[in-house]
Amino acid sequence: MSRLLLAPMEGVADFVMRDVLTSVGGYDGCVSEFVRVTGSLLPARTYERETPEIRNGGYTASGTPMVIQLLGSDPEWLARNAAQAATVSPHGIDLNFGCPAKVVNRHGGGAMLLATPELLHRIVSTVRAAVPARIAVTAKMRLGVSDTSLAIACATALAEGGAASLVVHARTRDHGYRPPAHWDWIARIADAVRVPVVANGEVWTVDDWARCRAVSGCDDVMIGRGAVSDPFLALRIRGQMARQPSDAEWPLVLGCLADYLKKLRARIAIHHEHGRVKLWLGYLKRTWPQAAELHDAIRRLQDSAEILGVIEHALARIGQQSAPAG
């Protein structure tokens, strides 16, 4: 069976979301939201805040290995911070060359680096030299900034710079998250480099996963928004749940939501829990129409305890409806 990896998603796949989704099961690994590196050495408390998995040996509560992702554009500062991160991230260091966010790109980070393959090579080689050999250094990239003209050059620069593997998101920065994903370009990249390539982009269903593998030629797939829209997608791919979502699974989804909110409330460093739950419901609406109804029910609520009460009431009501008549 190929590997299934949970993608880093800034503002979405935080520590608690990683905990909940990997607890559902099916993932072989996950990557943190990016830790931004500028012109300083980050203190240890930054990693403790952003990636609490380090207190568990780099694993989520369910035992899924987590890799810390760094984002920046200065080779030396990235290397110094990677060396420090490697002391608490035994499963690897990932470098972000794919973030399309304007706030990141205007500082020359993320996907903007795909305009300069030589800088990509320098970053990866400098980081690789600074990190112990036992710690894998990997990279995540897109197909380019505005077009694919440098896609092969960028992938080659990363691989030759020392990246142990590449995750390729099959769109350019300018394409954002608009379909389609160009999985055929992943195949071209995989043919051009001598390191493993992981396919990423527009995998929402089991059928998407199968087509992605067939077109890209990659065994391993990283899933992002599809994992948030369907928490059971990895299990479906592995044949451990029904291939297609159904209304009968909605109580399980409510259980995931309740678990997520309870864990958010327990995290002192997390604020605005109500906004995060509403954000997740926005993704879930793609798979379950009931999510739209629940979103409407909590739309104006600001208190997380009230929202939890609505979720638990919905669960209780389903239980009453399914109970045999006495």
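Indices start at 1 and increase along the chain as displayed.
Glycine too: its Cβ is placed from the backbone N, Cα and C atoms.
Copied over from Swiss-Prot, here are the features:
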type: ACT_SITE; residues: Cys99; note: active site, proton donor
type: BINDING; residues: Pro8, Met9, Glu10, Gln69, Lys140, Asn200, Gly201, Glu202, Gly224, Arg225; note: FMN binding site
type: SITE; residues: Arg36; note: site 'Interacts with tRNA'
type: SITE; residues: Asn96; note: site 'Interacts with tRNA'
type: SITE; residues: Tyr177; note: site 'Interacts with tRNA'
type: SITE; residues: Arg276; note: site 'Interacts with tRNA'
type: SITE; residues: Lys278; note: site 'Interacts with tRNA'
type: SITE; residues: Tyr283; note: site 'Interacts with tRNA'
type: SITE; residues: Arg299; note: site 'Interacts with tRNA'
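Feature map: annotations from Swiss-Prot on the structure.
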{"residue": "Pro8", "record": "FMN binding site", "DSSP (3 states)": "coil"}
{"residue": "Arg36", "record": "site 'Interacts with tRNA'", "DSSP (3 states)": "strand"}
{"residue": "Asn96", "record": "site 'Interacts with tRNA'", "DSSP (3 states)": "strand"}
{"residue": "Tyr177", "record": "site 'Interacts with tRNA'", "DSSP (3 states)": "coil"}
{"residue": "Gly201", "record": "FMN binding site", "DSSP (3 states)": "coil"}
{"residue": "Arg276", "record": "site 'Interacts with tRNA'", "DSSP (3 states)": "helix"}
{"residue": "Tyr283", "record": "site 'Interacts with tRNA'", "DSSP (3 states)": "helix"}
{"residue": "Arg299", "record": "site 'Interacts with tRNA'", "DSSP (3 states)": "coil"}
Task: Between Pro8 (FMN binding site) and Arg36 (site 'Interacts with tRNA'), the C-alpha gap once rounded to whole angstrom - done: 13
TODO: Note down the number of other Cβ atoms within 10 Å of the Cβ of Pro8 (FMN binding site), including every protein chain shown.
DONE: 25
Open item on the list: With the FMN site defined by the record as Pro8, Met9, Glu10, Gln69, Lys140, Asn200, Gly201, Glu202, Gly224, Arg225, how many Å span the farthest pair of C-alpha atoms?
Closed with: 21
Task: Inter-residue Cα distance where the pair is Gly224 (FMN binding site) and Lys278 (site 'Interacts with tRNA'), in Å - done: 18
Open item on the list: If you compare CA-to-CA distances from Arg299 (site 'Interacts with tRNA') to each of the recorded positions Glu10, Cys99, Lys140, Gly201, Gly224, which comes out shortest?
Closed with: Glu10
Open item on the list: Return the count of C-beta atoms lying within 10 angstroms of the C-beta of Lys140 (FMN binding site), excluding that atom itself.
Closed with: 27
Task: Close in space, distant in sequence - Glu10 (FMN binding site), Cβ under 8 Å, 6 or more apart - done: Glu33, Phe34, Cys99, Ala101
- [ ] Name the one residue among Lys140, Gly201, Gly224 whose Cα is closest in three-dimensional space to that of Arg36 (site 'Interacts with tRNA'); these are the binding-site residues.
- [x] Lys140
TODO: Cα within 10 Å of Asn96 (site 'Interacts with tRNA') is the criterion; apply it to the recorded positions Lys140, Gly201, Gly224, Arg276 and give the hits in sequence order.
DONE: Lys140
TODO: Name the one residue among Tyr177, Arg276, Tyr283 whose Cα is closest in three-dimensional space to that of Gly201 (FMN binding site); these are the recorded sites.
DONE: Tyr177
Task: Among Arg36, Lys278, Arg299, the most crowded of the recorded sites [Cβ within 10 Å] - done: Arg36
Open item on the list: Cα-Cα, whole number of Å: Arg276 (site 'Interacts with tRNA') versus Lys140 (FMN binding site)?
Closed with: 25
Open item on the list: Going by Cα-Cα distance, which of the recorded positions (Lys140, Gly224, Tyr283) sits nearest to Tyr177 (site 'Interacts with tRNA')?
Closed with: Gly224
Task: Cα-Cα distance linking Tyr283 (site 'Interacts with tRNA') and Gly224 (FMN binding site), given in Å to the nearest integer - done: 11
Open item on the list: Please report the three-state DSSP label of Gly224 (FMN binding site).
Closed with: coil
